[in-house]
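As given in Swiss-Prot:
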BINDING   Asp21, Phe22, Asn23, Arg36, His59, Leu60, Gly61, Arg62, Arg120, Arg153  substrate binding site
BINDING   Lys203, Glu325, Gly351, Gly352, Asp353, Ser354  ATP binding site
Amino acid sequence: MAKKTIRDIDWSGKRALVRVDFNVPLENGQITDDTRIRAALPTIRYLLEHGAAVILMSHLGRPKNKVVESMRLAPVVARLAELLPEAKAIKGTQATTGPAAEAAAQDLKPGEVLVLENTRFDPREEANDESMARELAKLGDVYVNDAFGSAHRAHASTEGVARFLPAVAGFLMEAELAALQGALENPTRPFVTIIGGAKISDKIGVIENLLGKVDALLIGGGMANTFLLAQGYEMGDSLVEPDSVPVAKDLLEKAASRGVRFMLPTDVVIADAFSADANRRVVSVGDIPPGWRVLDIGPETVRAYTEIITTAQTVIWNGPMGVFELAPFAEGTRAIAQAMANCPGMTIVGGGDSVAAVEQMGLADKIRHISTGGGASLELLEGRILPGVAALNDA
């Protein structure tokens, strides 16, 4: 469903109340990765250039409904000032709502930016309390949601406030929806998805929804072990979910009945311990000995998956192929990242480890769309409606 965007508003003299995702990693008060701040810059710049005063709000970390000094947004304000020299002023406040926030918002002039304090310091945020939503709405004239990464949460700053102001999408939100919904609703075929990660139980809804849409589904990571177990293979000491075996069998049957290629590893990298310096070897999935565990996909599987990916026209990848955090077992994930970069079609990567692999290998510019939202992109892949998106005005 198409939503209004910041292009649909005359911003001259208006205050834009913008929900961004500035949930950045901090170490000793220093930002270690400012990707999420940079991702919001196109929206902020557009608003400033079109005569708006810009009020930004975000959560940071999990302060559990109280003020936590180490989770204040002051480091974000400082970084934003470095990244946005064209702003007439960039101000911070230790208030999110109430008289101090209202006074700061009233004083804000076109071309200036105000960063409100961490929304999750207020217990009403995660409860989606109407009183907080109304107080936030007092601060601006139009609400902009550019926080796709929080769009699956119905909080006061992501969903509640949209009931009390005109509500539109920012550029990041627009790009995420266009890429993911476009791929799911109108893909150029062949349409392939690669799903990895540790557990089937986390991705049942995603796989079920995709089985009605894709031409091929490639499975890796720990979840592949449970599918292999469902097919009768001995999995040694591998991570498996015995309770999910019936679900795995059901998904395999559904794929077969719908003519979807459901690809599982044919060879794997096994180790005798969960450790980077463990003994390891490559075996066929039928030859996993007792006491050994699967920690990555093998080279034969990499070749088969690579061929499917590089000949596809639409590919979505979410989740690692192995224990990506241990270097000897990161090869499968890295190989899939390379295959994605070599695919000429529409390529979309989401999920922390998948994105990290692409970025570590310097391949980010070869991927058409890198999703900023882990949980939000998974819920879209499940076919769910995201509260933060549903709350925006229809185009």
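Our numbering is plain: 1 for the first residue shown, then up by one each step along the chain.
Note: Cβ is positioned from N, Cα and C throughout, glycine not excepted.
Residues within less than 8 Å, Cβ to Cβ, of Glu325 (ATP binding site) and separated from it by at least 6 positions along the same chain comprise Asp353.
If you measure from the Cα atom of Asn23 (substrate binding site) to that of Gly351 (ATP binding site), you get 15 Å. Sequence-distant neighbours of Arg120 (substrate binding site) (same chain, 6+ apart, CB under 8 A from its CB) are His59, Leu60, Gly61, Arg62, Pro63, Lys64, Asn65, Met71, Glu126.
Annotated pair Asp21 (substrate binding site) and Gly351 (ATP binding site), C-alpha to C-alpha distance, rounded: 16 Å. Highlighted in sequence order, Ser58, Asn118, Thr119, Ser150 have their Cβ within 8 Å of the centre of the Cβ atoms of Asp21, Phe22, Asn23, Arg36, His59, Leu60, Gly61, Arg62, Arg120, Arg153, the residues recorded for substrate, and are not part of that set. In the three-state DSSP scheme, Glu325 (ATP binding site) falls into the coil class. Farthest C-alpha pair in the substrate-binding residues Asp21, Phe22, Asn23, Arg36, His59, Leu60, Gly61, Arg62, Arg120, Arg153: 18 Å apart. Sparsest Cβ environment among the binding-site residues His59, Lys203 (other Cβ atoms counted within 10 Å): Lys203. Here the binding residues for ATP are Lys203, Glu325, Gly351, Gly352, Asp353, Ser354. Their largest Cα to Cα distance works out to 20 Å. Within the group of binding-site residues (Gly61, Gly351, Gly352), the Cβ with the highest number of other Cβ atoms inside 10 Å belongs to Gly351.
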